[in-house]
Amino acid sequence: MRKESPPPLVPPAAREWNLPPNAPACMERQLEAARYRSDGSLLLGASSLSGRCWAGSLWFFKDPSAAPNEGFCSAGVQTEAGVADLTWVGDKGILVASDSGAVELWELDENETLIVSKFCKYEHDDIVSTVTVLSSGTQAVSGSKDFCIKIWDLAQQMSLNSYRAHAGQVTCVAASPHRETVFLSCSEDSRILLWDTRCPKPASQMGCNASGYLPTSLAWHPQQSEIFVFGDENGSVSLVDTKNASCTLSSAVHSQCVTRLVFSPHSVPFLASLSEDCSLAVLDSSFSEVFRSRAHRDFVRDATWSPLNHSLLTTVGWDHQVIHHVVPLEPLPAPGPDSVVE
């Protein structure tokens, strides 16, 4: 039986409790988002989804093993509402999708001990569910439960275009890592759209969702520019070739909705799949399962691969856990009755 062996942690006694200025005293329970920076620092987005006020916060940890302990963060800030999604903009900027309907840009300042607001734009009419930065680094895309997708100029701090191409709530947008004008979107209208902002009619429908289940998550293949994957509400993960809009591979990975898909930085990348069944699955290029963890006790919401250790995958969830998984890089033996990590 293969056990998870998390990276060694620094004993609490060896660390100094030092809550930075302006950081909230307490982190909300539901962890929604996690992103490693290129130097191995970890960014977290948290939300409180119960009670009279839906609050949120951002947290920056130079030592990821200390997360989610507030006293050992390097910077933190309270947000007006819950954090639905976030992503890095370079090494300093933080783009946030807010439950308030705002798209927010924050920035690390003061030797990375402060997170300061650069702009906050209320241009969506409902929760902003998803954000992504185009590969140019100067423009971003937001998707909302108001059915709209907006293109943003980050330097000018303004929206450039607004599209109502979907007939349902937008669940995910994903920028192509290969082409700076191309991204994907999916929605509760069951459709997946391929976008190219250079075109007069920028959206084209991908006829790849034959199952009829609602697509919930998208991710581009990091090396093959025409390939992407999507997850659906039924727990299946499918691989699509945009050249012919066909689904070339599909697997029933989870028993409930897929919440996030994240490719690894390996030369032959693994795919991390997260779900509301509280599990993490890691798949190889043929969609064979190489790793499974059920360590979370609530919905698993996000995952991020370490840029410094390619076998290290960090997940967060609504159980307030930040779990560091060591994914085997060598082939696993044939699965037996005890092969699932609990």
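Cβ coordinates come from backbone N, Cα and C, glycine included.
Under the heading phosphoserine, Swiss-Prot lists S5.
Positions annotated as repeat 'WD 1' by Swiss-Prot: 22-75.
Across the residues of the repeat 'WD 2' (78-116), the predicted structure has a mean pLDDT of 97. What Swiss-Prot lists as repeat 'WD 2' is 78-116.
The feature repeat 'WD 3' is assigned by Swiss-Prot to 123-162. Sequence-distant contacts of the repeat 'WD 3' (123-162) (same chain, six or more residues past either end, CB-CB distance under 8 Å): 84-90, 93, 95-103, 105, 168-181, 183, 185, 187, 195, 197.
If you look up Swiss-Prot, you'll see 165-205 marked as repeat 'WD 4'.
If you look up Swiss-Prot, you'll see 209-250 marked as repeat 'WD 5'.
Annotated repeat 'WD 6' per Swiss-Prot: 253-293, in sequence order.
Among residues of the same chain six or more beyond the repeat 'WD 7' (295-330), those with a C-beta under 8 A of the stretch's C-beta atoms are 2, 4-7, 27, 29-40, 42, 44, 49, 64-65, 67-68, 259-260, 262, 264-266, 270, 272, 274-276, 278-280, 282, 341-342. Taken from Swiss-Prot, the feature repeat 'WD 7' covers 295-330.
The list of residues near the repeat 'WD 4' (165-205) in space but at least 6 beyond its ends in sequence, with Cβ under 8 angstroms from a Cβ of it, reads 126, 129-136, 139, 141-149, 151, 212-220, 222, 225, 228, 230, 240, 242. Taking Cβ pairs closer than 8 Å, the repeat 'WD 2' (78-116) reaches residues 20-22, 24, 28, 30, 32-33, 35, 37-39, 43, 45-49, 54-58, 60, 62, 122-133, 137, 140, 142, 144, 146, 150, 152, 154, 157, 159 in its own chain, all 6 or more past its ends.
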